[in-house]
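Input: a single structure, listed below in structure tokens.
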Amino acid sequence: MSDESSRTLLPRPGVMPASSTMSLRSYRAIKVDKPLRHDTKSYVSYYLPILRWLPEYSWGKMAKDMLAGLTLTSFQIPLAISLTTMAHVSPYAGLYALVIPPLIYAVFGSVPTMVVGPQTVASLVVGQSCDAWAHKSLEPLMTVAVIGCISGVLVFAMGIFRLGFIDNAISKAFLKGFTSALAVVMLITELLPQLQIDDRYKQALKEGKVGSAAWDKLVFALENAREYSNPFSVKLSVAAFSILLLSKYLKKYLTAKYGWTKLTFFPDLLLVVLGSILLSFYYDWDNKYNLPIVGDLPPNKDHIKVPIQSFQEFKDLFDASFLVAILGLFESATAFKSISATFDIDVSSNRELVSLGLINIVGSVFSSLPAFGGYGRSKLNIFCGAQTPMAGIFVSLSAIFCMRFLMGVFHYLPLCILAVIISFIAYNLLEEVPGDMFFYWSVSGYQELITFSAVVLSTLIWSPQFGLVMGLGLTMIRLLKHTTQSRIQILGKDPITKKFRNIYSEHNEEIPLEEIEKTMVIKVPEPLVFWNVPDLMKKVKRLEKYGSLYVHPSYPTSLRPVSGVTTLKDNVYVKYIIMDLLGMTYIDMSALQALVDMVVNYHKRGIYVIFCRSSIRDLKNKFDKSGITRLQADFISRQLLYQEGIPHDHLQFLKLGLYGSVDEAVTAVDMLEVLSSTSSGTAQNGRMA
């Protein structure tokens, strides 16, 4: 081959020429600075946010925080007391969950307007644990303390070991399904005290005649409601629930139509509680209608405990504690992520987990219900004008005042009213479910619907723990399936822009892309690690064999004879495989070894493997150390054994092993194709001679 033809066939792609148009922008060299040294005050205040907001606190902020705190108190105290009935513990456990958490979060919390307090679904788990271990004579307050301590330690450990990313791995369908299932469990559980058959159920449970699952409770309620229910309790519950629903939708209607946003401050829960207390006292519902009331509360002395007194308690309640920790993690993450996105606050998930863990560890000493952040109450706190965590401190002070002076007021409070409040909260949790289900159905989200249904059914029929395991299992299966699949693309050349693009993109329907004869250009748009590299190799082989990932192996393609019978000559449909590694930002040693094996196997079949466009700084060094560069150079030398007169710089270019662009790799293919054909002719002439 002449030098002139060599210069024509073997151009080295260079850098694109600079534009002659004057740029209106200025440029400067990128300088990598050394890490800035932090001062001690900033470093300490980062982990103790109170050192930042407290020195700047003012009377104006205090007025807004006080208004927000008192507004929150108006419904937080009735809710906390209601949650204690569901958890089967004294009201002090719920009030302590309003006293301790805000004080600790004010010191360690990084979201100024997030409100922490007792969590509804966590209280349900605590109540079910109290039911399950009642036959073992485990004191309910001790159960609360153990669950609070273990869940706090788990959440604290997640923060210390920087596991705040865990909530990102859980699908919304699983969370919605599990929350909805727990809401249904709450409705069924609170149906018993509203019918006034809860004592009968506890006796049947103690005797082993009925199970503790929500389905067992529903069957028990249906079988005993007609004969053993209290008609007055049922009527009072229906009336109270109707008032709360009417208030909810009336506030929403008036706010939307007339803009009366201040109706949000209307304390409907507090008024229902106070109204029922007054009516119960005035008409003597306790004696007249045999209506259970809160009655005399036990003394507050028994609440301070050593949380875990034996390893057996730790083992028995670890499952429930883990469930509480996961639920608290997800609900709190939803709250602080929503707040940070809305108000542009820099939030560290790990610091939040540390503060929430400390809250429950300290709270367990006082036998308080597990406490976490909540989006609903935090949203109300922001709407009321809260500026700092001092709003939560005002809630804490109000709860202390209530515990000290107002606990006697709740003596005549009917227990069915507390059950109604829990049912109302559960109804609010279910309010968004129809919209979510319609959305999943409309976008063909059948996997989400299956996950949702499986979690709901397993929770209702078996237990929340089994529902959690089912949801996590399905989520992990989907996650593993997603991460182990490779997303390689076949690239074609745009005849207009001359750029290489995915041939299956919608943009290519009008203008077909060009393919290169005997060449397949594959893009690897993701990191290569041990879990997805097997699928990558399988898909590369499928592409090389069939020409597409969407063709069934039984169908003939342009790269496969119709008869299915091949000769040695016909067996090579693809001679060059170009792998574009621009999206491969990381490669582990297992994937690197797999690339070595792939190169060796293709070389045995006479197929060139060419790599280009690395996103990894030292990928060329890894190719050199792993032997890929040497394998490619030796293979080229063998293929061009009978070719003479190849310029040294051209030969070095062919043996690079890793090219800077797809165009350079295509140029190498053109060179090899010309040289291989020339080499074949030379070898044939030599054999004839």
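Backbone N, Cα and C atoms are what each Cβ position is placed from, and that goes for glycine too.
Feature list (source: TrEMBL):
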| type | residues | note |
| --- | --- | --- |
| DOMAIN | 509-669 | domain 'STAS' |
| TRANSMEM | 95-115 | transmembrane segment |
| TRANSMEM | 141-161 | transmembrane segment |
| TRANSMEM | 173-192 | transmembrane segment |
| TRANSMEM | 232-251 | transmembrane segment |
| TRANSMEM | 263-283 | transmembrane segment |
| TRANSMEM | 320-341 | transmembrane segment |
| TRANSMEM | 353-374 | transmembrane segment |
| TRANSMEM | 380-402 | transmembrane segment |
| TRANSMEM | 409-430 | transmembrane segment |
| TRANSMEM | 450-477 | transmembrane segment |
**Item:** Contact call for the transmembrane segment (263-283) and the transmembrane segment (141-161): at least 3 Cβ pairs under 8 Å, seq gap 6+
**Value:** no
**Complete:** Counting only residues at least 6 beyond its ends, the same-chain positions whose CB falls under 8 A of a CB in the transmembrane segment (353-374) are 80, 83-84, 87, 89, 92-94, 96-97, 99-101, 104-105, 108-111, 114-119, 122-123, 126, 141-142, 144-149, 151-160, 163-164, 302-307, 324, 327-329, 331-332, 335-336
**Request:** Six or more residues out from either end of the transmembrane segment (320-341), which same-chain residues have a Cβ under 8 Å from its Cβ atoms?
**Result:** 110-111, 113-114, 116, 119, 121-122, 125-126, 128-129, 146-152, 154-155, 158, 164, 166-167, 170, 175, 178, 347, 349, 352-353, 356, 360, 370, 372-375, 378, 382, 464-465, 468
**Message:** If you average per-residue pLDDT over the domain 'STAS' (509-669), what number do you get?
**Reply:** 81
